[in-house]
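Notes for the one structure printed next.
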Amino acid sequence: MTCPKFSVALLHWEFIYVITAFDLAYPITPWKFKLSCMPPNTTYDFLLPAGISKNTSTLNGHDEAVVETELNSSGTYLSNLSSKTTFHCCFWSEEDKNCSVHADNIAGKAFVSAVNSLVFQQTGANWNIQCWMKEDLKLFICYMESLFKNPFKNYDLKVHLLYVLLEVLEGSPLLPQKGSFQSVQCNCSARECCECHVPVSAAKLNYTLLMYLKITSGGAVFHSPLMSVQPINVVKPDPPLGLHMEITDTGNLKISWSSPTLVPFQLQYQVKYSENSTTNMREADEIVSDTSLLVDSVLPGSSYEVQVRGKRLDGPGIWSDWSTPFTFTTQDVIYFPPKILTSVGSNISFHCIYKNENKIVSSKKIVWWMNLAEKIPQSQYDVVGDHVSKVTFPNMNATKPRGKFTYDAVYCCNEHECHHRYAELYVIDVNINISCETDGYLTKMTCRWSTNAIQSLVGSTLQLRYHRSSLYCSDVPSVHPISEPKDCQLQRDGFYECIFQPIFLLSGYTMWIRINHPLGSLDSPPTCVIPDSVVKPLPPSSVKAEITAKIGLLKISWEKPVFPENNLQFQIRYGLSGKEVQWKIYEVYDTKLKSTSLPVPDLCAVYAVQVRCKRLDGLGYWSNWSTPAYTVVTDVKVPIRGPEFWRIINEDATKKERNITLLWKPLMKNDSLCSVRSYVVKHHTSRHGTWSEDVGNHTKLTFLWTEQAHSVTVLAVNSIGASSANFNLTFSWPMSKVNIVQSLSAYPLNSSCVGLSWLLSPSDYNLMYFILEWKILNEDHEIKWLRIPSSVKKYYIHDHFIPIEKYQFSLYPIFMEGVGKPKIINSFTQDGEKHRNDAGLYVIVPIIISSSILLLGTLLMSHQRMKKLFWEDVPNPKNCSWAQGLNFQKPETFEHLFIKHTESVTFGPLLLEPETISEDISVDTSWKNKDEMVPPTTVSLLLTTPDLEKSSICISDQRSSAHFSEAESMEITREDENRRQPSIKYATLLSSPKSGETEQEQELVSSLVSRCFSSSNSLPKESFSNSSWEIETQAFFILSDQHPNMTSPHLSFSEGLDELMKFEGNFPKEHNDERSVYYLGVTSIKKRESDVFLTDESRVRCPFPAHCLFADIKILQESCSHLVENNFNLGTSGQKTFVSYMPQFQTCSTQTQKIMENKMYDLTV
């Protein structure tokens, strides 16, 4: 263990007992001091410790200070010593080089001073001593360390500190009583270092502590001079805590710390720091009274090391130990402040110093960015210095959280280069609404506020603070510098609730919410509340509700609450009692009223009523609704009318009596107002006069009808009286024979409704109303009846009717004079039976109509779709009607249809039945005069070449039609004269080898050609100037453009048809190569201009160019015996290659197919 530097130097001699006399106490200083004891200028023959001189010394003219020393007889190292030895002792302070000597001279008590410090080195012994009070002010400590190293053997060393605490009084000396000193043993180590602890109570810190040291070693005892001190003057505080450094808003380095908490006085601090940067190195030592120090000229990339210690400011004290060193290094980019917490609408600024490659960037080259996405305009920049740039954000909006980031990042950049460090900007909306209300007893005020509208920050706390003014509120509330916090409890609904109790009704309570965060504090806008202005009164008491008798109004009464004493307004809500009350509101502004009456539609219902109140001037809140009050249903008026009634007549033929049973329905509450105690039947006859009969609550009465006329009236009676308006019924023998109902018809509409209609004949009697009566026949069912006004001629009965049952309907006319003769029917009318049987038509007919419309629409759409598939989607064989029923999954189908056809195919009907194959053969001439050589417009296509001489088919002028539904191997195209839009059917090309031709076939073709072109309207042979008709030609096809204004003369096949038909099924077999199928599309010209075609090899859709329309057709015959060797001159310069329309069978070679496939085809006429 290393001894502290504050200690007491002890002088040890074995077997020596030294007694130092003293008269005065040395005052202990707050700093370290040294106690030195020196022998007198007498030389002794004993061995002194090393470093102590034997030379004598003077006391600079003063008398010697004599210290007596008693020696034991057992001493072995001393010689020629008297029994007493005198020593000089000196107290030497760090603050003073002179020594104060304590001596016991003849003149009395005195201090000997001005002793040179060399005396301590020549002879005597030295002690370092320092004493102080701990910071907890409970323990006084002294450290002692010997500076003289004893060369002798060190015996058991014991050190005691003797002390006494004395209260200091002015003018009185310190006189401790004998035996008043207390002793504490000090803890000593092997290196002669001791520590002594003296307990001191807090109440005696200002007392004087007298003490001296008692040192025992090897049988010798040494008493040090007396010392004195006040503990409060030597307090040593603990080192400062929480050392921290940061860059301030102005760019300075702020060193801050916190002072010890137990010190009873203010401290001063000593700060030492060093700065190390690439451009500067410096050290400083400053003393401040605050707990912070600002260091200016801070540069990026610098390192600072700081230590702090403290001591009493306004009195003596001891410096504390130095705090632990704290190191702080600035970044290459310095933001000050690095983080800002502010509220919405405020203006804030950031400063920046940018260091790039050991060089500080000029502030004029710095640019600012927000979140690295938005460049801040230069109008918001300010140049603070050569290297400090400033940016200002005015009127800030609340920060929108982006994931876990609850702030905006502000970047300071060197033109186009940005460092990864950034400043953080937190903007919070602190508009928190605080609402308060005072209870009805005026004893407490409850305030509520919610934080749902603001953004919560991690580490932030919320606190309500308030300031109470003596009277009322200021015009503009503001945050007062002196405020008090208020504890608020979080409720289940998310609101915080604070209670002020007791309260001052007229004082102004200014409140705001403070948001505390490590970055700073924010205050919400303050609001000022006067408890008297936010009173919520108690609800009115003694609320009653009733329906007033004879008047029929809802009367409500209440009592005003005791508090507050202001004038109050009242609000009443009332409604029919039930699960969900439909409230109606009524307000009362007359403060003197305590009751009111309101009209209600139903006087016989139970009403619920509640009342609440509020200050008449509008301040404060509405009170809670009072406890509901309910009305009691009682009779408020006499019944409005008596019940409607009817009768049943029972005749007893044996007794010749008629019994009448009156039937009536109980009155409803709205008619009885509000109950019926009994029913009274009033009778009147000419013989017996008038009498009444009380039947109680029964709803029928039977009496004997004995006179010609008997009138009855049924009255309803409640607690107030009998009904005033009643129904009368007179039973008269003569009137029962009056018949004015001519007919009655009943029509069942459904199982719950039957319609009745009737016809009346003129009558002189005054008809009042009808009674309609119905029941099920053949059963003793209850009779049902209704009263119908006299003006009605048709009426609908709503009841449950069984269709299989028969009903009896009776219609009674009721006159003033009595009941007339009824019209009775025992079943529905005949029309009614029909209507009943056909009742299902009302449901079935709409369904059938809807289904028909849907089916018709489906058929129309299907027809259009089929037409599109069969006509416009060619060449897909699956969309063609001729392919229906064929299995294209079998290879034999394709082989049979498209590969080998050695036999001729019988001509069949068109694929679409609604369209005509050919009605006639017409030839239109396209020339204007006989001299013009214009080719014909429409000519038949002969599929074979029969003999022209054996048959003739002539073209005449007749307009008749020749139908070829069963014609074989021939297709005739026709254009209807009445249709302006040309139409093409289909054509087939078949060729056979020349060797296979029969002579008859050749003759038939020659005859056809010669006869058909020999008529008056036929084409002259000269029109084919460049064409030659050869017998060996197997097929030809003439087609040309037709002018839209020219008409086509009709060609009629009236002759030679039989000859042509003879060849049906007898065509020779073909032996040429495999032939391909060609397709020809048919559409209008306008549509063809924008249409496309599909090639056979490439399978690519290609548009039809406009210049290919109305082009000539050229039939290429290479291996097909050359039907046409030269092109037909058809009146246009263009040429067109023909491809057949339908997939009939043609025998052109594959090479011809390829040539034709590369052409544009059109066959519109």
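Cβ from N, Cα, C; glycine included.
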Region 'Leptin-binding' according to Swiss-Prot, located in which of 467-484, 827-844, 863-880, 1133-1150: 467-484
Of the residue ranges 244-249, 892-897, 1000-1005, 1030-1035, the one that Swiss-Prot records as region 'Required for JAK2 activation': 892-897
Swiss-Prot annotation, N-linked glycosylation site - which of Asn187, Asn1026: Asn187
Candidate ranges 32-36, 412-416, 622-626 [criterion: Swiss-Prot lists as motif 'WSXWS motif']: 622-626
Recorded disulfide counterpart of Cys498 (Swiss-Prot; options Cys488, Cys528): Cys488
Other parts of the chain folded back onto the motif 'WSXWS motif' (622-626), taken as Cβ under 8 Å at six or more residues beyond its ends: 440, 536-541, 543, 558, 561, 571, 573, 610-614
Cys498 (disulfide bond), number of other Cβ atoms within 10 Å: 19
Segment confidence, the domain 'Fibronectin type-III 1' (239-332), expressed as mean pLDDT: 87
Cβ neighbour count (within 10 Å, all chains shown) around Cys142 (disulfide bond): 26
Tally of DSSP helical, extended and coil residues in the motif 'WSXWS motif' (622-626): 0 helix, 0 strand, 5 coil
Secondary structure composition of the domain 'Fibronectin type-III 1' (239-332) [DSSP: H/G/I, E/B, coil]: 0 helix, 49 strand, 45 coil
Densest Cβ neighbourhood among Cys186, Cys352, Cys436, Cys447 (disulfide-bonded residues), 10 Å radius: Cys352
Where Cys186 (disulfide bond) falls in three-state DSSP terms: coil
Cys436 (disulfide bond): nearby disulfide-bonded residues from Cys188, Cys418, Cys473, Cys498, Cα cut-off 10 Å: Cys498
